[in-house]
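Following: one structure in structure tokens, then a few remarks.
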Amino acid sequence: MLSAAVLGQPTRDNALWVTADSGKGQTRLLLDCGGHTLDTLPLHEVQATDHLLFSHLHMDHIAGFDDFFRVNFDRQSRENHLWGPPGAARILAHRLQGYWWNHAPQLRATWRIHEVDDAAVHTWRFELHEAFEIAHDEGRTPRTGPLIETPHLRVDAVPLQHQGPCLGYVLREPGRVNVDPAGLTRLDLTPGPWLAALKAGAEEVEIAGERRPAAPLRAELLREEAGDSLAYLTDFLLDEAELARLAPLLAGVRTLYLEAQYAPADADLAARNHHTTTEQGATLAARAGAQELVLLHLSRRYREADWREMLRAAQAIFPAARFAESWLRGT
């Protein structure tokens, strides 16, 4: 399953914390890292982050990076990966280098920064024992598949327009194969190790000492179920052309986490600054066929009474729209 939590407060910096849990293992992702967004995340979770993915490198999306880096800078228990749009390596390299690394020769952590464009992923490696001073170019890898793929999760990037390069991220769990209990009852069968063999694609399975062909049992008993999914899109232009482009890319995604920077009345200002309104976000959720819309990244220009109006405007188009948990008093 995918569990996600919006970090940070309304009208302040936000981030998204996601855990993919297959029951056999976990993958943890941090999407953006604004100022103080890690304050409510337990230290052991920050230290267990597998990937930090930036939408872009404006200050309100990276201001909390020092907090993340401070507890992970010499991490060798797992790989250290940072992701972002073109230009991310140059900016993030300065963040890595921006300390007095007088003990660096005794330290051994490796960090990789991946820049994602439409065609490829360009990766640079940085070594702590070199005080991160050398950007080792590991080349470009064509984007022929997901950015990240683990047994629990796959991550893809969606290019966005924010007066410069910006990325949205789509996270999908693998599909699941479940056993139909009614089918077991109908066939008068008892669960056992043979079900694992059936799921694994065996041609025959042994049930109560009898060898039986697997194909008819598979048709009667196994049901495929799509895995959970979510998308995170923030700081982007959402005009009619972008709605038409993005909706098919997000088709089938269960939950959309979208910025809610502007009220509908300020649509012109949103377009000028390459941000969205709550109505536009709701329209995208409806066109993409999402089941839920979570709005975040509110502008400081609005007060709580305005937030309620902004949410009502979104719900008029997409009833399953909401803000992050407890952002509105009484919710």
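Note: Cβ is positioned from N, Cα and C throughout, glycine not excepted.
As written in Swiss-Prot, here are the features:
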type	residues	note
ACT_SITE	D60	active site, proton acceptor
BINDING	H56, H58, H162, D235	Zn(2+) 1 binding site
BINDING	D60, H61, D235, H297	Zn(2+) 2 binding site
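Structural mapping of features recorded in Swiss-Prot.
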| residue | record | CB count, 10 Å |
| --- | --- | --- |
| H56 | Zn(2+) 1 binding site | 23 |
| H58 | Zn(2+) 1 binding site | 15 |
| D60 | active site, proton acceptor | 18 |
| H61 | Zn(2+) 2 binding site | 25 |
| H162 | Zn(2+) 1 binding site | 18 |
| D235 | Zn(2+) 1 binding site | 25 |
| H297 | Zn(2+) 2 binding site | 27 |
Can you list, in sequence order, the residues of the same chain other than H56, H58, H162, D235 whose CB lies within 8 Å of the CB centroid of the Zn(2+) 1 site?
S55, L57, H61, Q163, G164, C166, T234, F236, H274
Measure from the CA atom of H297 (Zn(2+) 2 binding site) to the CA atom of H56 (Zn(2+) 1 binding site) and give the result in Å, rounded to a whole number.
14
Under DSSP, is H61 (Zn(2+) 2 binding site) part of a helix or a strand, or is it coil?
helix
Using the Cβ centroid of D60, H61, D235, H297 as the reference point for the Zn(2+) 2 site, which residues of the same chain not in that list have Cβ within 8 Å?
D13, N14, D32, G34, S55, H56, H58, T234, E259
Rounded Cα-Cα span from D235 (Zn(2+) 1 binding site) to H61 (Zn(2+) 2 binding site), Å:
10
Can you give me the Cα-Cα distance between D60 (active site, proton acceptor) and H297 (Zn(2+) 2 binding site) in Å, rounded to a whole number?
10
In Å, rounded, how far does the Cα of H162 (Zn(2+) 1 binding site) sit from the Cα of H297 (Zn(2+) 2 binding site)?
15
In whole Å, how far is D235 (Zn(2+) 1 binding site) from H297 (Zn(2+) 2 binding site) when you measure between their Cα atoms?
9
